[in-house]
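Q: I am attaching a structure below and will ask some questions about it afterwards.
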There are 2 protein chains.
Amino acid sequence: MFENNERTDLDKLGEFGLIDHLTKNIQLHDKTTVKGVGDDAAVLDFSGRRTLVSTDLLLEGIHFDLAYTPLKHLGYKSIQVNLSDIYAMNGEASQVTVSIGISSKFPLEAVEELYSGMLLACDRYKIDLIGGDTSASKQGLIISVTSIGHAKEEDICYRNGAQENDLLCVSGDLGAAYVGLQLLEREKLVFLENPNIQPDLEGKDYIVERQLKPDARVDVINLLKEMKIKPTSMIDVSDGLASEVLHLCKNSDKGCVVYEEKIPIDPMTYDTAREFNLDPTVCALSGGEDYELLFTVKQSDYDKIKNSPDITIIGHITESSAGTHLVSKSGNVHQLKAQGWNAFKN
Amino acid sequence: MFENNERTDLDKLGEFGLIDHLTKNIQLHDKTTVKGVGDDAAVLDFSGRRTLVSTDLLLEGIHFDLAYTPLKHLGYKSIQVNLSDIYAMNGEASQVTVSIGISSKFPLEAVEELYSGMLLACDRYKIDLIGGDTSASKQGLIISVTSIGHAKEEDICYRNGAQENDLLCVSGDLGAAYVGLQLLEREKLVFLENPNIQPDLEGKDYIVERQLKPDARVDVINLLKEMKIKPTSMIDVSDGLASEVLHLCKNSDKGCVVYEEKIPIDPMTYDTAREFNLDPTVCALSGGEDYELLFTVKQSDYDKIKNSPDITIIGHITESSAGTHLVSKSGNVHQLKAQGWNAFKN
């Protein structure tokens, strides 16, 4: 059916390469579009307040494994990861649409479990589920969520606003979701070898929950408002810290210095990474799925945030020509690299 | 993983049954939500103008067959079917988000074909593609589109506004997309039996295009505005005429009479249906994918539309207790039944 002798493999491009390639020729037509492709959410001007829209696709076998993912958790997570994008714009999330493709072999009760997790997330965050689509799927479970929010134009934090000498900050801690995933994958293998052995997740609740049931950081957005801080740029950490730092720097045309010793890592994440012979810093830099907020603030805001237990200053913004660097605990300077997560590579 | 002894089969519920079941407990939280689940698009109040949002999921093997669907057409169609929902609210479509799940075995050029069809649709309709998501898919091709539009509250046409004695109208003609599909399916079988035989679609352009490359009827929306007609209720014909008429009647708590002889069917649709030993009226009533607009207008608008070549009056609205009926060409009265399209049944 497809007659074309050219062939470029998707796995060479990677997800970001593919997006860049596909979107470079997009022309905007409508005067209500303030910002289209290229940030966490699209920004539309519907008189007075901006409307924010963001969308994510979650696919079985790619983004989740039903062998160890309870459907209710999966529903909850699918909403949270999407809301996270609205908060990363410093917006108020207000609605979601949810489309689901499922095998007709699933019993209704399974779909209800999934949906109950979605509604729980909506309820906790006071979000309206306003529409969607359901279909049979001949393949695996498919979840597509679109979230909608709003903000005053002057409150919106884009990725491109970081200025030289701004402080680079991150909420919460990093790497836990990735290490939690390693644990779940190990227990799955154990179970497949001997179904009589129960999974050993004893005492690992925190990192397992970070993987299975993350919470979007609306509390951090509210905290920043209380502290009267407007970040100069912001993004959520879905693909790993390194990837997100580089997004901010690229979009703002700036460089940065990140200090390894400042990267917040929970002790359980640290110890469990070590059990797996993983470098905890690499887990934080490249693991992904933390759904924390990474943002830059003016130096003059330093006094306001220095004692906040929820926010860590991990570095600062430099001029573009200075490059993007990581200073290791031993004082060595490395180029910051985004391995990130590439769904097109196996 | 799923421990529950209850089991309700999805195929017994059907798509609408599943949606009803899943959405009946949804609570709305946000004052910006004017209308959530239950119409063609959600309606949000973002000061001044309403924001309209609608979403669709298109899955390989369920909604399309790549054996006879050119990717560019598929991209075009995936946008059009979504815009159709915004127009069915009497809104102006302004943006779409597009998420795609694809096998990494697809070459980039194939994705480009798909995307070029999407951008062509956007360009023709002056729509902005404002975001989305792409992912590898281990299964088939997955397309999720969310469309966004806007309208003044007083212009919006909901499904629930039909009044007794209103005229029931439909744009264009019906059944062509379904008959076109039968033709494509037949030629696929011929090809599978003998790959040397070229598909015989000679002279069937119209019905094949209606299946592969439908156009959302923004022209009809503009025509109604020019004629200074605001429909009392409206829906787009995606699941077959009967299903949509019943949606309007149910939502408006009214009955109706539809006259078989008035249902607009193109001669090519009629003749080709006959070739397949199909009843052309059944194709129009239950075939689906026409993406025409079905709407009700006040009797006082009769003179304005009676000579419009694009609009056909097919019946009228009655009180609820009178039921929903089809008067056959021979004068017999039948209960109007929606077989519609049920993705959960094979």
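Here the Cβ of each residue, glycine as well, is placed from N, Cα and C on the backbone.
Feature table excerpt (TrEMBL):
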DOMAIN    A:38-150  domain 'PurM-like N-terminal'
BINDING   A:Asp40, A:Asp85, A:Asp236  Mg(2+) 3 binding site
BINDING   A:Asp40, A:Ser54, A:Asp85  Mg(2+) 4 binding site
BINDING   A:Thr55, A:Asp56, A:Asp133  Mg(2+) 1 binding site
BINDING   A:Asp56, A:Asp85  Mg(2+) 2 binding site
BINDING   A:His63, A:Glu289, A:Trp341  substrate binding site
BINDING   A:Tyr115, A:Gly132, A:Asp133, A:Arg159, A:Ser238  ATP binding site
BINDING   A:Asp239  Mg(2+) 5 binding site
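Are these features on the surface or tucked inside, and what are their neighbours?
A: A:Ser54 (Mg(2+) 4 binding site) has a Cβ environment of 31 other Cβ atoms inside 10 Å.
In this view, A:Thr55 (Mg(2+) 1 binding site) is surrounded by 27 other Cβ atoms within 10 Å of its Cβ, with every protein chain counted.
For A:Asp85 (Mg(2+) 3 binding site), the number of other Cβ atoms no farther than 10 Å from its own Cβ, over all displayed protein chains, is 28.
According to its DSSP assignment, A:Glu289 (substrate binding site) is coil.
Residue environment of A:Asp133 (Mg(2+) 1 binding site) contains 21 other Cβ atoms, counted within 10 Å of its Cβ in all protein chains.
Within 10 Å of the C-beta of A:Asp239 (Mg(2+) 5 binding site) there are 23 other C-beta atoms, taking all protein chains into account. Classification of A:Asp239 (Mg(2+) 5 binding site) by DSSP places it in coil, neither helical nor stranded.
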Q: What count of other C-beta atoms do you get within 10 angstroms of the C-beta of A:Gly132 (ATP binding site), across all chains shown?
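A: The answer is 26.
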Q: Count the residues of the domain 'PurM-like N-terminal' (A:38-150) that DSSP assigns to helix (H, G, I), to strand (E, B) and to coil, and report the three numbers in that order.
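A: With helix first, then strand, then coil, the domain 'PurM-like N-terminal' (A:38-150) has 35 helix, 48 strand, 30 coil.
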Q: Across all protein chains in the structure, which of the binding-site residues A:Asp56, A:Asp236, A:Glu289 has the highest Cβ count within 10 Å?
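A: Within the set of binding-site residues, the most crowded position is A:Asp236.
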Q: Taking Cβ atoms only, which of the binding-site residues A:Asp56, A:His63, A:Tyr115, A:Asp133, A:Arg159, A:Ser238 fall under 8 Å from chain B?
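A: Cβ contacts with chain B under 8 Å: A:Asp56, A:His63, A:Tyr115, A:Asp133.
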Q: So, in DSSP terms, is A:Arg159 (ATP binding site) helix, strand, or coil?
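A: Reduced to three states, the DSSP call for A:Arg159 (ATP binding site) is coil.
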Q: Spatially, and counting Cα to Cα, which of the binding-site residues is closest to A:Asp133 (Mg(2+) 1 binding site)? Options: A:Ser54, A:His63, A:Ser238.
A: A:Ser54
Q: Have a look at the binding-site residues A:His63, A:Asp85, A:Tyr115, A:Arg159, A:Ser238 and say which one has the shortest Cα distance to A:Ser54 (Mg(2+) 4 binding site).
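A: Out of the listed candidates, the nearest Cα belongs to A:Asp85.
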